[in-house]
C-alpha cells in the first residue's frame with residue numbers, strides 16, 4: 001500500500017478512536033483525489049478498516065469506487081456496499097449524510113441501468129433508517145427507494161415511508177436538492193395510484209405541484225397531469241389548487257397540459273361518448289405521457305358517476321334501462337359496474353336476477369357503532385397532535401435569530417416611514 005494511503009488509513013483509525021468526527025469528515029472530503037489515483041489498492045484499504053469502528057473511512061472508499069466512470073466488478077462492489085449499509089455505525093454516518101446519500105444515489109442509478117431494481121429495495125430501507133433522526137424526517141434516499149419500488153412493481157416496501165407525514169428534511173450538509181423532494185412526492189403519488197389509494201395519491205401530487213418554484217420543473221408538470229386525472233377519478237371534478245401555489249403553474253404548466261384540461265371539460269358534461277371521442281383525439285399525447293391507463297379509469301369513473309346520479313332519481317331500474325341511460329354496451333356490462341360499485345361501497349343496491357331489476361337503498365351506516373366512535377376518536381387525536389405541532393413550529397420560528405432580526409428590521413422601517421408628530 002502506498003505511503004499516502006497508509007497515512008489515510010492511520011488518520012481514519014486515529015480520528016475514529018478519538019471520536020473527532022468533524023475532523024474525520026474534513027479528511028475524507030479532501031482524500032477523494034488520493035483514493036481515485038490509487039484505485040487498485042482500495043480493496044486493501046477496505047481490508048485494513050473496520051466497518052463499525054471506521055464507518056466514515058469505509059464510506060469514503062466505497063463512494064470513490066462507485067464514482068469511477070466504469071465499475072470493473074459490479075457484483076463485488078454491490079456486496080461491499082450491501083454489507084457496509086447493513087453494518088455501518090449510524091451515529092458516525094450522520095456526520096457525512098451527503099456522502100452517504102450520494103453512495104445510495106450511485107447504487108440506485110447502477111441498479112436502474114442494469115434493470116435490477118428489486119435488489120436495492122431492502123438496502124435502501126436500511127440506509128434510510130440509518131440516516132433518519134426520526135420517522136417523520138425526509139431524506140433524499142426516500143426518492144431512490146420509491147423509484148426502485150416503482151420499477152420493480154413492488155410497492156408495499158415503500159408504504160411505511162409514504163404513510164407517515166413528513167415534518168422535517170434531512171439537510172445532508174447542504175446537499176439536499178429540491179429534485180429529491182419533488183421525486184419523493186411524484187413517485188409516491190404514482191405508487192398510491194397503482195394501489196388505487198387515490199385520496200393519498202392526490203395529496204402527494206398536490207405537494208409536488210405546490211412546491212415553491214421560480215422555474216418550470218418537468219416533475220411538477222407530470223404531477224399536474226396526473227393530479228387532473230386522479231381528481232376526476234376520485235372526485236368527479238378537478239380539485240382546485242391551494243392559493244399558495246406558485247404562479248408558474250398557471251403561467252407555464254397549465255398551457256402545457258391542454259389535452260388534460262379538455263378532458264376535464266368534457267368529463268364535466270357527463271357524456272361518455274364525447275369523452276371517448278376526446279380520448280381518441282388525444283390518444284397519442286396520453287400514451288406518450290404514460291397516462292392512458294389513468295385516462296381509461298377516468299372513462300370508467302364517468303360511468304360510475306352517472307350510475308350514482310341515477311340513484312338520486314330512481315328507486316328501482318332495469319339493467320337494460322340503466323345501460324341505455326348511462327351509454328353502456330348492454331345489461332351485462334351494467335350489472336358488472338353495479339356489482340363492483342356495491343362491493344366498493346360506492347352505492348347501496350341489490351339486483352333481482354329473475355327480472356334484471358336493480359333496487360337502490362339508503363346508506364345503512366347509522367354512525368353509532370363502536371368502530372365509528374373509535375374512528376372519530378382517532379381523527380380527534382390527529383387534530384390535537386397537529387395543533388401541538390403547529391404551536392411548536394410557531395415557537396421555533398419566533399425564537400429563530402433570522403426571523404427576529406428580519407422582524408426588528410421591518411418594525412424599524414415602519415417607524416422610520418411614519419411622519420413625526422412634532423414636525
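Cβ atoms are placed via backbone N, Cα and C, with glycine included.
Between the listed residues 410, 415, Swiss-Prot assigns phosphoserine to 410, with no corresponding entry for the rest in that record. 407 is the residue among 359, 407 that Swiss-Prot labels phosphoserine.
Across the domain 'PCI' (197-365), the prediction's mean pLDDT works out to 94.
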